Structures are given as structure tokens and as C-alpha cells.
Amino acid sequence: MGSKSLNIVIVLMFVVVVLLALDASLVHGQGTRVGFYSKTCPRVESIVRSTVQTHFASNPAIAPGLLRMHFHDCFVHGCDASILIEGANTERTAPPNSLLRGFEVIDDAKAKLEAACPGVVSCADILTLATRDSVFLTKGQSWQVPTGRRDGRVSLASDTTNLPGFRDSVDVQKQKFAEKGLDTKDLVALVGGHTIGTAACRLFSYRLYNFTTNGNGADPTIDPTFLPQLRALCPQNGDGASRVGLDPGSQNRFDTSYFNNLMKGRGVLESDQKLWTDASTKTFVQRFLGARAFNVEFGRSMVKMSNVDVKTGTQGEIRKICTAIN
């Protein structure tokens with residue numbers, strides 16, 4: 001083979017490799033990048049940040065609200081802001097999403113961005129940025145957010161059935177995360193987001209009464225000294241809407257005490273406490289008792305999750321308002 005032919009073969013092989021790499025990156029939703037709006041809307045991050053700060057100052061509950069909202073959005077059709085769409089039978093109306101909070105923050109940020117850079121910034125990116133800012137405001141570590149997502153045009157309540165649930169075994173949790181390209185480390189890191197926020201009594205009170213026919217009737221994995229506190233907060237046949245901190249003693253601060261509580265049998269949700277009793281997840285719970293390890297891995301896993309099945313390029317749209325498709 002002559003040198004000219006060899007060069008052509010090498011070039012063709014290089015093109016094939018590049019195309020394969022591009023294909024793989026699109027499959028994994030890596031059409032996003034840090035600084036996507038640097039020329040088209042350079043103030044996007046500061047506008048979102050100041051909006052979140054303003055709302056957080058009057059209602060700190062929007063921080064865990066936005067974190068849950070982003071998580072529930074990404075697990076259904078990728079992070080495409082489909083959870084923000086209003087109307088009958090949309091994702092927003094589904095039972096797992098009925099208690100989500102913080103929608104007004106995204107609407108406010110969108111209005112400000114439409115005034116500054118009309119038709120440029122997606123609602124999906126606004127939610128992703130606002131989530132990062134919420135973690136930072138609750139004393140968590142910040143991270144760089146790749147942007148360039150576009151908004152989805154489909155939102156169906158029936159598509160939310162595969163969201164992780166509070167009764168899920170570790171195997172079921174791992175399966176649901178694996179379907180999104182997320183591994184066991186990602187699972188434990190992301191569920192660690194429960195270090196901020198609350199849960200309604202109806203999501204876990206079944207663990208406190210008649211869970212077993214033995215002893216005190218409670219889930220035996222609950223710390224016996226913690227049980228009276230939970231029962232006082234969620235009396236049998238009491239108000240199922242009453243809320244309890246998911247990270248007792250530190251529910252407003254993004255820290256590692258959530259993992260300490262799991263170690264002590266003080267996880268509020270059954271699915272959370274199982275992370276300590278299952279050997280495959282316990283390893284990561286132990287690792288995340290260290291603040292640096294948890295903060296770094298949480299940021300990495302958030303970026304990974306926020307790139308799952310995203311719409312980029314010509315897919316989807318840039319909504320004019322976040323609550324309705326164009």
C-alpha cells in the first residue's frame with residue numbers, strides 16, 4: 001500500500017472514531033457544556049442565582065423543593081423541564097409530584113431571562129442551575145453546571161410510575177438508577193440530597209405502627225430511642241400531611257449528618273434506611289460520612305444525572321413560559 005493510500009485509510013479511520021465518539025456523546029446527553037450561553041445570554045447564571053437567593057430568603061423550603069423537582073424531572077424523559085408543564089394529566093399532577101415546591105422560582109427566573117435574552121435560555125437549564133444554587137445556599141459545595149438543554153414537549157402523569165419510591169428495596173433502587181446510566185455510588189450520593197428538606201408523615205408512618213407483629217410493632221431498623229420522637233411527630237391516625245425533617249437535627253443544612261443518621265438507625269424513609277442495611281450501599285454511606293467525599297461525589301453525580309437523555313441541538317424547544325409548550 002502506498003503512502004497516499006495509507007494516509008487516506010488513517011483519515012477515514014479517524015473520521016469513524018470521531019463519529020462514534022459523537023454518537024456516544026449524544027446518546028449520553030453530553031451535548032451540553034459549561035458556558036453554553038456565554039455569548040447569547042452571559043448573565044444567565046447571575047440572574048438565576050439572584051432569583052433563587054431572593055425566594056430562599058423568604059422561604060428556605062424552596063431549596064429542597066427545587067432539588068426534588070430537578071430529580072423528578074430528570075428521571076422522566078431526561079432533564080427537559082416536562083415537570084413544569086401545567087394541565088390535566090401532566091407529570092406535575094402525578095401523586096409522586098403532588099408535594100413538590102418551588103415552581104414560582106423557576107417562573108420568576110424565566111420571566112427575568114426572557115426580558116434579558118428573549119427566547120434563548122431553556123426552562124430545563126434554569127431548573128438545573130437553580131438546583132445547584134439551592135444546594136450552595138444551604139451550605140453545600142457548588143459545582144459547574146453544563147448547559148445547552150432544550151425543553152421537552154411531552155408531559156404525562158402516566159410516565160412517572162418508574163420514579164424511585166419510599167418503599168423501594170435497594171435492588172429496585174439500583175435498577176431504577178441503572179436504567180438512567182447511574183451506578184450505586186451515584187444512587188447513594190444523590191439520595192444524600194435528603195440531607196435537606198422534609199417528608200410528609202404519610203410517607204413513613206407505616207414504619208412506626210403495626211409494621212411487625214413482634215415487640216413494639218415498629219420497623220426493627222429504627223433506633224428505639226428515635227421511635228418515640230417520630231411517633232410524637234406522627235401520631236397513629238394523625239395528620240398524614242404533617243412534615244418531618246429527613247435529616248433529623250440538620251434538615252436545613254446540606255451536610256453529612258444524613259449519613260450519620262442512617263448509621264444510627266435514624267433514617268426517616270424506609271428506602272433511605274435500607275442504604276445502611278444493604279452491604280452494597282453501606283460502603284458508600286460510610287465513605288460519605290466525610291464531608292469532602294460527599295460534596296465532590298454529589299456534584300459529579302448531579303452533573304451525570306442532569307445529562308441523562310437530555311434534548312440538545314434541534315430537539316425539543318425553548319419555551320416562552322415554563323408552564324406551557326409553545
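Residue positions begin at 1 at the first shown residue.
Cβ from N, Cα, C; glycine included.
In sequence order, F75, Q173, K176, F177, V191, S271 make up the list of same-chain residues 6 or more apart from P164 (substrate binding site) whose Cβ falls under 8 Å from its Cβ. Here TrEMBL flags P164 as substrate binding site.
For H194, the entry in TrEMBL reads heme b binding site. In sequence order, L246, D247, Y258, L269, D272 make up the list of same-chain residues 6 or more apart from H194 (heme b binding site) whose Cβ falls under 8 Å from its Cβ.
The local packing around D255 (Ca(2+) 2 binding site), expressed as other Cβ atoms within 10 Å of its Cβ over all shown chains, amounts to 19. Taken from TrEMBL, the feature Ca(2+) 2 binding site covers T195, D247, D255.
Residues annotated as disulfide bond in TrEMBL: C41-C117 (among others). C41 (disulfide bond) has a Cβ environment of 19 other Cβ atoms inside 10 Å.
The disulfide bond feature in TrEMBL is assigned to C74-C79 (among others).
What TrEMBL records for C123-C322 (among others) is disulfide bond.
Residues or ranges marked as disulfide bond by TrEMBL: C201-C234 (among others). C201 (disulfide bond) is surrounded by 21 other CB atoms, counting those within 10 A of its CB over all protein chains shown.
Annotation comment: TrEMBL describes 31-326 as domain 'Plant heme peroxidase family profile'.
The feature signal peptide is assigned by TrEMBL to 1-29.
Other Cβ atoms within 10 Å of the Cβ of R68 (site 'Transition state stabilizer') number 22 in total over all chains. Summarising the annotation, TrEMBL assigns site 'Transition state stabilizer' to R68.
For the disulfide-bonded residues given as C74, C79, C117, C123, C322, the lowest number of other CB atoms within 10 Å of the residue's CB is seen at C117. A gap of 12 Å separates the Cα atoms of T195 (Ca(2+) 2 binding site) and R68 (site 'Transition state stabilizer'). Mean pLDDT across the domain 'Plant heme peroxidase family profile' (31-326) comes to 96 in this model. In sequence order, C201, F204, S205, L208, S242, V244 constitute the residues six or more apart from C234 (disulfide bond) in its chain with CB-CB distances below 8 Å. Looking at C117 (disulfide bond) and C322 (disulfide bond), their Cα atoms lie 15 Å from each other.
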